[in-house]
């Protein structure tokens, strides 16, 4: 019995531009054989890759809108299928009418990320590049956008594939030595295998470091300001933000709730959180604010404990901070109001404990704090080498490194050595999507915009 021909992909459609009003709105359609679709919609056959002025018509022939029709025939399109882009006036009613007409012609509403998923399934993008599409859209800083664009262009994937290919070459020689022990030719000995393995580990370590920097660009850090009332936390937030975001008064307890401000330092997004001053109080509202302060501390990446240069330090508060802070969080003590004592800005470090002297009022020493925040984040600029990475990429790179370390330990047993190389290769393949479970793909693409 002859096998059935594969069913052509059903057409999908979605509004590709952001909701709201604008000069231009775009409806995107992807599927098979869209020339007939365009003829019914516009009354003419579309010309490939040519911007054509067209009238978009409803089922009765009435004009919905007049705009630009673009047609990209398969496989030379974003999705690898026939793609139509209908550029009309960007009003929400017009866009909905145009989308409804596309659905009436047989397309179905695209799921989130379905256009990009089809591009991945049709080999137009690998999985890391597909994720970079969403990361570029969501980038909150120029540095993050540039890094996402490098990943989208394939730079991250190419480096992963280079390391994977080096692993394959080494595996090939190891397995040939195992499979053909009777051959007079020695394919590989331990003395040559370990230097090659060390070179691969060095490349992978460097890529992981750059990927960590990229992950920082993508997610940023939570920086929480804590301390007693009226020590200058809100003034410090305003200095970091470069504008007056928090109310500053001489009245203790002015800040009752957490105030969040997004700032950038060298392209790194920081989420700085000013909190209610920590003290014993009978005020119900203030107590709620203090409870929220501790909740913010418990999920902080960096805790800035602000103290007054004229005030006494309190061991009890320091002990509670130590108990409540996440173990991985950095803690920095900021001695504020040095202008009142005529002191100079300064950074000191004793047994790993960092202490900064500054004035939030004048701004003296705040640059020391900015530098310290970058240091706490582990940021060291790589210029144009940073690639935007996700947590799953970091996990895969670490897993591959763990297998390479295990391979080195098992170098005397070639079968175990080869197996660890295979597992390292498999971990890297998960980054680009060579080996990816359907549920992982569904999770990744479900986070995209509808029109992507």
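We count from 1, first residue shown onward.
Any Cβ shown, glycine's included, is placed from N, Cα and C.
Note that the structure is predicted; figures quoted are calculated from it, not measured.
Within 10 Å of the Cβ of residue 28 ((6S)-5-formyl-5,6,7,8-tetrahydrofolate binding site) there are 24 other Cβ atoms, across all protein chains. The feature (6S)-5-formyl-5,6,7,8-tetrahydrofolate binding site is assigned by Swiss-Prot to 28, 85, 124, 452.
The annotation K(+) binding site is assigned in Swiss-Prot to 230, 249, 251, 254.
For residue 360 (GTP binding site), the same-chain residues that are 6 or more apart in sequence and have a Cβ closer than 8 Å to its Cβ are 232, 235, 236, 238, 239, 336, 337, 366. Residues annotated as GTP binding site in Swiss-Prot, with sequence analysis given as evidence: 230-235, 249-255, 274-277, 359-361.
Its Cβ taken as reference, residue 234 (Mg(2+) binding site) is surrounded by 24 other Cβ atoms within 10 Å in the chains shown. Taken from Swiss-Prot, the feature Mg(2+) binding site covers 234, 255.
Residues or ranges marked as domain 'TrmE-type G' by Swiss-Prot: 220-378.
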TODO: Name the one residue among 28, 85, 124, 276 whose Cα is closest in three-dimensional space to that of residue 230 (K(+) binding site); these are the binding-site residues.
DONE: 276
Task: Three-state secondary structure, residue 360 (GTP binding site) (per DSSP) - done: coil
TODO: Using C-alpha atoms only, work out the spacing between residue 234 (Mg(2+) binding site) and residue 276 (GTP binding site) and round it to an integer in Å.
DONE: 10
Task: Shortest C-alpha distance to residue 276 (GTP binding site) - which of the binding-site residues 28, 85, 124 - done: 28
Task: Cβ-Cβ distance under 8 Å to residue 85 ((6S)-5-formyl-5,6,7,8-tetrahydrofolate binding site), same chain, at least six residues away - done: 16, 26, 27, 28, 29, 69, 70, 72
Task: Three-state secondary structure, which DSSP defines for residue 230 (K(+) binding site) - done: coil
Task: Structural state of residue 124 ((6S)-5-formyl-5,6,7,8-tetrahydrofolate binding site), classified by DSSP into three states - done: coil
